[in-house]
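Okay, so here's the structure we're looking at.
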Amino acid sequence: MMELKIQLIPTGEIILSPGKNGENHCHNCKVVASDGVRAMMESALTARDRVGVQDFVLLENYTSEAAFIENLRKRFKENLIYTYIGSVLVSVNPYKDLEIYTKNHMERYRGVNFYEVSPHIYAVADNSYRSMRTEGKDQCILISGESGAGKTEASKKILQYYAVTCPASEQVQTVKDRLLQSNPVLEAFGNAKTLRNDNSSRFGKYMDIQFDFKGAPVGGHIINYLLEKSRVVHQNHGERNFHIFYQLIEGGEEDLLRHLGLERNPQQYQYLIKGNCPKVSSINDRSDWKVVRKALTVIGFSENEVEELLNIIASVLHLGNVQYGGEDSNACITSDIQIKYLARLLGVNVSVLTEALTHKKIIAKGEELMSPLNLEQASSARDALAKAVYGRTFTWLVNKINASLTYTSDSSKNYSVIGLLDIYGFEVFQHNSFEQFCINYCNEKLQQLFIELTLKSEQDEYEAEGITWEPVQYFNNKIICDLVEEKFKGIISILDEECLRPGDASDLTFLEKLEDTVGGHAHFVTHKLADAKTRKVMGRDEFRLLHYAGEVNYNAKRTLRVCLQVMCMSENKILTQCFNREELSDKKRPDTAATQFKASLAKLMEILMSKEPSYVRCIKPNDSKQSGRFDEVLIRHQVKYLGLMENLRVRRAGFAYRRRYEVFLQRYKSLCPGTWPNWDGKLSDGVSTLVKHLGYKPEEYKMGRSKIFIRFPKTLFATEDALETRKHSLATKLQAGWKGYSQKCKYQKLRNSVQAWWRGILARRRAQRRRQAANTIRRFIKGFIYRHKERCPENEYFLDYVRYSFLMNLCKNLPKNVLDKSWPTPPAALTEASEHLRKMCMQNMVWSYCKKISPEWKHQMEQKMIASEIFKDKKDNYPQSVPKLFVSTRLDGENINPKVVQALGSEKMKYAVPVTKYDRRGYKPRPRQLLLTANSAVIAEEGKLKQRIDYGALKGISVSSLSDGVFVLHVPSEDNKQKGDVVLQSDHVIETLTKIAICADKINTININQGSIKFTMGQGKEGIIDFTPGSELLVAKAKNGHLSVTAPRLNSR
Ligand SMILES: Nc1ncnc2c1ncn2[C@@H]1O[C@H](COP(=O)(O)OP(=O)(O)O)[C@@H](O)[C@H]1O
Ligand SMILES: [Mg+2]
């Protein structure tokens, strides 16, 4: 969090500064967080409020002048020189430097609402600036007050404020510098020390500051009003000529002075010693000279221009020293050297100059004649020339500054303006000449404007708008303005008339004419018309005007019209611009100075009326330029004639702010849902809805016919604050919308380009693939054509591909089991490899098949193999036996008589099967059991072992090729133990015989016979078994004594 230091300085002002820079070494500095600042400021403001009130509107006894002055006094004592009356700033000249114009102060007032901070000239400046920016209306700040009240200082402060706080580019910086630097130059040539003010402006100044649409100052324009030229030749006691003369003499370099023929001693110059005070303690002419010289360069004066300008200044001093002598009626110049210098500096011929200073031009009978002047006339002519030269040079200077401040943008019309009016204040001297008359007339006009814009127009407006209103009485000085400026009847008209009259108009005829015309006017008095008391303080050649600000006696003496033709011949470039030959030779008399002045004032009023005014009313606390002295009488006088009390009364009764309904609604409609974005109904209803929504209390505003009136500034400021917040949120919304939109655009653009890029990639890939494919096809075709050739580049791809695809195909379609004999056809080149592979594959399948078979199954298969060896393709019922598994035995322990088992003894039985035995004689079938042991085959009947045939004795086994189950076990006939060969029949003949062949190891001794089998029946007798195929199995003794076996044919061979 940023830290700020709050410093309460002796003036009661608060200074805020960043805590880190350590510039403030005060003891009572408090370091606070920035959010504490406001609270601190507010409490500080409350503290300040105890010193009177910041705004006279808050004054309890607001109709009391004493209370008003007391408030001013209290605050002045505490160095609080600024107080408001509503939005009008009252400023009392402190005559000392207060620490209230620092950059920190400027920052504090920047962009802050009027009522939030203590009254200050910066608040007025900032308020005007913001009004200009937000409402787009040109502004003007009118600074009024009498001489020495602080007007010029105020205008400088305002200018500095803009220079520091407004945004600026490099180009603007130049303009700022020039705006600021124009001040010392104009002050050097247009200000002088007077009794009231050591730096009194002796000309009126209206300055436009132009701002571009960004609010940066980009140009300026100055209008000057009636320089007090009489000062060039005469100063009252205690006063000085314009500063520039003293600055040149005190500060000018030796070479320069030599060149100009000047001495470093003001006492030497008649025009500088009339007031008898060439030196002033508060003024340092030498350092001021340096400032002015530099400023001239900044503004853009060339060396030549500066030289010519100084030539003119020097020539005025020389003119003052021109001495006359000779006869009274025929003056001649006695100071030759002066004339020579003069001629050189002014760039004119010596004799022409001499004549111009000693003669006047008269027109007699249509002819121009030069007539000599008397001594008095001659010195008048000399002074008139000096004044004319100086006055016109001053105007030239202003024009030159204007040229350097001109806004040079292309859109030159497109700027807003803040005008600053710092015009000479009302003044009263012992002897008041025509110039004072003009100055005071000007002040009457400004007062009129103030009345028009604040008091009168305000009250007129309430009436027009139908607002109930108690009129406030005030003195309207229009009557005095009319006295001065009315056509035909006004003082200026009479003066014109007198000047135009041919012949020598005397001052008295002018006075008489005045008495005749305006003699009865309440504000006009002459010696003749005055009462005895007034007569004592009036000369006979004077007239008195009762101004709104006081009474002033004016001298009715008029000055001689001088012959200025000589100046047209000057070689000095500035003077040739100042003195226009055509203008001077014009036969028609130009307007008198008074008429010109009147016209320029009328123009000024027009300019000011077209702008929104702010007022700074300056008050001088005492006549002796002393700090801390509060001269109550003097101040009461100023409060009175400045109309501050009336101002306050109108303010108190009135409304601080008013706006036409449409303008108000347009500006604030966004603050109320009912009026946003548009209000369709009556404007006044819209405004009512709006202010009700904003929570305005009934006493805070009034609705007129076309305008809303708001009583207190704070109500409006609160509304402004709300608008500011609302604007931010609207702006944020807009910004967000815009950001979203632009991001979307960006995204779309990006997406499009990414898509395009991606499409490009895809297209390129596709193209590449197509190319590759085409190549492949091309190579393939070529390879196909060359396929029977030796391997060569043309066919290698093809051949490889064919091999590859064969192998891949093989890989996917390998035989699934040992019985599957399928195998893809290999290409020629792979025939051999294919054969190897096929074998390997088969071996592999066999191997893995074998690995999987169990011992039982193996045993079974071995038996089946043996069966196959013996019977395959030999016996008709063999194929039927293949799918039937061999069993280990067909008779188990239960089915064999235990006696038989016992008889077998230790011989382990390997296989037993029920069989049918055919007797050797008669062939009677008898059921028997055939048991196989390790050594012999045993035939058992119930519990009896009928016959045992050792395997060694088994000569052979015979069986038919048909599907019957009859078989013969051959035994040796010589063996007595045996009763002959045994004829048996088994339902499982293949199994039974295979088992016997295995047990007896007689695989090769099984004979498979076709047709018949011979066997021995014992004792050498022979039996025959005939086998014939038939429809069904039939075993019986045939008529021929053979055993006939008919067996069905199962397999067609
Ligand atoms: N705000 C101020 N702070 C300090 N001194 C001031 C201030 N205003 C005026 N003065 C003093 O008063 C003198 C006269 O002020 P100035 O502005 O020239 O008067 P005006 O232009 O009204 O005749 C200045 O030279 C200065 O010394
Ligand atoms: Mg001034």
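Note: Cβ is positioned from N, Cα and C throughout, glycine not excepted.
What TrEMBL says about a protein is an automatic prediction, not a curated fact.
Features reported for this protein in TrEMBL:
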{"type": "BINDING", "residues": "Gly145, Glu146, Ser147, Gly148, Ala149, Gly150, Lys151, Thr152", "note": "ATP binding site"}
{"type": "DOMAIN", "residues": "52-724", "note": "domain 'Myosin motor'"}
{"type": "DOMAIN", "residues": "875-1049", "note": "domain 'TH1'"}
{"type": "REGION", "residues": "601-623", "note": "region 'Actin-binding'"}
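For the recorded site, Lys151 (ATP binding site), the DSSP three-state label reads helix. For ligand 1, the binding-site residues lying close by, meaning a CB under 6 A from one of its atoms, are Lys151, Thr152; the full candidate list was Glu146, Lys151, Thr152. Here the region 'Actin-binding' (601-623) has, by DSSP, the following mix of helix, strand and coil residues: 9 helix, 8 strand, 6 coil. Proximity of Ser147 (ATP binding site) to non-local residues of its own chain (separation of 6 or more, Cβ distance below 8 Å) is seen for Thr194, Arg196, Asn197, Ser200, Tyr424, Gly425, Phe426, Glu427, Lys620, given in sequence order.
Checked against ligand 2, the binding-site residues Ser147, Gly148, Gly150, Lys151 give Lys151 as the ones with a Cβ under 6 Å from it, listed in sequence order. Around the Cβ of Gly150 (ATP binding site), 24 further Cβ atoms fall within 10 Å across all displayed protein chains. With a cut-off of 8 Å between CB atoms and residues at least 6 apart in sequence, the same chain places Glu187, Asn191, Asn199, Ser201, Asp422 near Thr152 (ATP binding site), listed in sequence order. Spatially close to Gly148 (ATP binding site) yet at least six residues away along the chain are Asn93, Thr194, Arg196, Asn197, Ser200, Gly425, Lys620, Lys625, judged by Cβ distances under 8 angstroms.
Note: the ATP site is recorded as Gly145, Glu146, Ser147, Gly148, Ala149, Gly150, Lys151, Thr152; in the same chain, Asn93, Asn197, Gly425, Cys618, Lys620 also have Cβ atoms within 8 Å of that site's Cβ centroid. Across the residues of the domain 'TH1' (875-1049), the predicted structure has a mean pLDDT of 88.
According to DSSP, Glu146 (ATP binding site) sits in a coil region rather than a helix or strand. Using a 10 Å radius centred on the Cβ of Ala149 (ATP binding site) and all shown protein chains, the other Cβ atoms total 26.
In the structure shown, the C-beta of Lys151 has more C-beta neighbours within 10 angstroms than that of any other entry among the binding-site residues Gly145, Glu146, Lys151.
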